[in-house]
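S.K.: The following block contains the structure, expressed as structure tokens.
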Amino acid sequence: MTYIPKSDFMAVMMARGFMADCTDYQGLDEALLKGVQPAYIGFDATAKSLHVGSLIQIMMLRWFQKTGHKPLTLMGGGTTKVGDPSFRADERPLLGPEAIDDNIAGIKQVFSAYIDYSDAPTGALMLNNAEWLDNLNYLDFLRDIGRHFSINRMLSFESVKSRLDREQSLSFLEFNYMILQAYDFMELYRRYGCILQLGGSDQWGNIVNGIDLTRRVIDGEVYGLTSPLLTTSDGKKMGKSQSGAVWLNADMFSPYEFWQFWRNTTDADVGRFLKLYTELPLDECERLGALAGSEINAAKITLANEVTTLLHGAEAAATAAQTARDVFEKGGVGDDLPTLTLSAEDVAQGISIVQLIVKSGLANSGKEAKRLIAENGAKMDDAPLTNAGLMIDAAALQSPIKLSAGKKRHAMVQLG
């Protein structure tokens, strides 16, 4: 991309690696020079927390605000009832209103760590598309909105085409998601003057639909900008750790686990992740990313500290770093290790070490836990576990025990 940006936001997006594509580079750039502009990202409420795969979009909104503009975080209280089919191999399970509301409440906790929701001109707004989608009249919607969409064109979008090419069913319900998301963009332009939708590159088709609809119905000049769908240097999708999803809510993935996830970054990804997930100056990101050998570990600790501070605060980051030092350098336990608390009833008949490894989050299944033990990858209180049939009773838990999977993942087990 040879375009040289004039606005601060576009300059940051391009310099730090956030930019995958834009519907009109020059048009958006010039619009952002005209004063405070609103932009939005939509987040469907399919779980009680977002995971780290959404963090690149949250950072885009943070930079949008830091460069003088107004972020809109749109909760999909309406669209979650339908489900986004983009690049999915199957249909999402449908959630009821109560589950969606509970999920929205959980997701909201994350945003205030990154975005200011004050009454300032650039203060963010938290919105819910159920406000306008829940009360739509179906026949009116078909007549006024549906006529602007070409089925031929919608079938050509890669997100739909890839599903159909695999001969996997795409329900009419899911197909309508694209129309509803397009309607969201138009409604946000009408209500708030929102000129920009941000999203991952898998949302390109949905974003383009919204731009076309807004121009056709109310002659609004709006834009779309997408970020790359991130994978690690070894081809793995961002959002997963060895123990499962990397959630952003502390009650679902502890600050220590979050810190450790970033500390375990592959050497080749350090520089790129520093640019995307921290606010360190670019030259410092490049310097740290260029370190080699044992020196790269210092860069990984900086990455873990910076990202954890943004989400969970400086105190939580410092505690996580200290716990890591206690565990890895001093052979101790640490105050912030993930902890599984069992009741006396849980261990009345004894509980197998395999179950404990799974319950503590160190393995996703009994099969994986047994493999860890068989391959000498599991330890209890730093002693190798060799017996997958070992039973743990209340007497063994009079003092907390430390379980380890490999060198980097640890958890405490205690009686409550």
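The backbone N, Cα and C atoms fix where each Cβ goes, and this holds for glycine too.
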S.K.: Of the residue ranges 45-54, 265-274, 275-284, 305-314, which one carries the motif ''HIGH' region' annotation in Swiss-Prot?
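M.R.: In Swiss-Prot, the motif ''HIGH' region' feature sits at 45-54.
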S.K.: Suppose you had to name the range Swiss-Prot annotates as motif ''KMSKS' region'; which of 187-191, 237-241, 292-296 would you pick?
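M.R.: Residues 237-241 are the ones Swiss-Prot records as motif ''KMSKS' region'.
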S.K.: Cβ under 8 Å, sequence separation of at least 6 from the ends of the motif ''HIGH' region' (45-54): give me the contacting residues as numbers and ranges.
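M.R.: Contacts of the motif ''HIGH' region' (45-54) (Cβ under 8 Å, skipping residues fewer than 6 from its ends): 75-77, 80, 83, 92, 95, 100, 102-104, 106-107, 109-110, 230, 237-239, 245-249, 252-253, 261.
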S.K.: Can you check which residue among the binding-site residues Tyr40, Tyr177 has the largest number of Cβ atoms within 10 Å of its own?
M.R.: Tyr40
S.K.: Looking only at Tyr40, Tyr177, Gln181, the residues listed as binding L-tyrosine, what is the longest Cα to Cα distance in Å?
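M.R.: Across Tyr40, Tyr177, Gln181, the widest Cα separation comes out at 17 Å.
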S.K.: Just how many other Cβ atoms lie inside 10 Å of the Cβ on Gln181 (L-tyrosine binding site)?
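M.R.: If we count other Cβ atoms within 10 Å of Gln181 (L-tyrosine binding site), we arrive at 27.
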